[in-house]
């Protein structure tokens, strides 16, 4: 057999490297956390693509988060945390960078479109003002008649256009309402069920990935006599606490934005569900690695940052519930 049990709590892989139960749980949780972060980016990217906009996301939230992630990565490397934690830090920085670039792209593109649209409307208004200039006493009689005819026909066209626009607006409103009702299965209780199932699938993937990595020797446990596998460096502690402050402060602009707009439209619920799962498993993976006092003091800022953001994610979940669209009113509109 590739795996043999030497004691009740120690196992070995094909390379003969011993693995304690505590280290196994730490590696398993860290692998699940890494898998959560790998899939974390996709829901919000898809949500922004669907809307063709990133207005639902606070740029301050993303930028502060990105700064915190870089500080977290540099600090974890200085503190010589376990390799899986450093790998998570590298991937998070890449993922945040991609999301920030997408948000900037949509904001710049939509701002240009709004400027072009406003210029066209302004030019059209100027043309209408010139064409609609009333005849004066010096205007030739034939020209007056032509101007009167043009004004009358333009008024008839404007009236017909207004009716068409009102009809189109009503149709769009009904279609939007129908779309909301069709998407009712994507909100409320069913959305939470789907998201929880997604987290379970990610847990299975992370567990399978860690098992394969350990069995093949790609992942190896840190030696037990290595003081928890960390080096307590003042600079790493400073960076760790700085990243914790960034993490705790990053979500505040998003929470405030949701509160002002009384809406979470444009935000992906699964994005925050995966963030919560990733932070919980991240902190648990660190704590399970060792109970050495020096190690626990070293990892304290990373645990504070992870668990603190979990509390703030709970606030955002409450906002998703409070600001959810009232589909019962939409159904009543359709029934009228």
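Along the chain as shown, residues are numbered 1 onward.
Using N, Cα and C of the backbone, Cβ positions are placed for all residues, glycine too.
Range with TrEMBL annotation transmembrane segment, chosen from 5-23, 24-42, is 24-42. Proximity of distant same-chain residues to the transmembrane segment (268-289), defined by a Cβ-Cβ separation under 8 Å and at least 6 residues beyond the stretch ends, is recorded for 22-23, 25-30, 32-33, 36-37, 39-40, 43-44, 46-47, 81-82, 84-85, 88, 191-192, 195-196, 198-199, 202-203, 222, 228-229, 295-296, 299, 302-303, 306-307, 309-310, 313-314, 316-317, 320. The stretch with the most CB contacts under 8 Å to the transmembrane segment (238-256), chosen from 24-42, 54-75, 81-106, 196-218, 295-318, is 54-75.
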